[in-house]
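Take a look at the structure below.
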């Protein structure tokens, strides 16, 4: 049983919300419950960090560019080793950008800066997001920013 203020009550979530605060039906600090009704959760996996973010940079279109991922509040790049149309397709779908037209490497959209976060990314094409594809350990690579 918790203690202290009760901040939220009366959620009506549909399931597509990215954050609990996006669910309608609550007002911060207003409630008609007690700590005997405190919510809990049991997740299917333990000690899994929040999924990193992904973006495309170096091109005028949001659906083209150098692949960059964010981990631990720091943006870095993805090496082009094993990067092909299948990996690009997973990323395009992940970003809501339709189907992949090509998968350029060799820093076509400019060399990135910061860490090289991912290398040897290999997708089956069935993954719902890029981070579900196989890859080396985060930050482990054998490439340079000329391969972004």
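Cβ coordinates come from backbone N, Cα and C, glycine included.
Among the features that TrEMBL reports, domain 'SRCR' is placed at 1-44, 54-148. According to TrEMBL, the disulfide bond annotation covers 13-23, 79-143, 123-133.
The predicted model assigns the domain 'SRCR' (1-44) a mean pLDDT of 75. For the disulfide-bonded residues listed here (23, 123), the lowest count of other CB atoms within 10 A around the CB belongs to 23. Residue 79 (disulfide bond) is surrounded by 25 other CB atoms, counting those within 10 A of its CB over all protein chains shown. On the backbone, the CA of residue 133 (disulfide bond) and the CA of residue 23 (disulfide bond) stand 30 Å apart. Closest in space to residue 13 (disulfide bond), of the disulfide-bonded residues given as 79, 123, 143, is 123, taking the CA atom of each residue. Local packing around the Cβ, expressed as the count of other Cβ atoms within 10 angstroms, is greatest for 133 among the disulfide-bonded residues 13, 133, 143.
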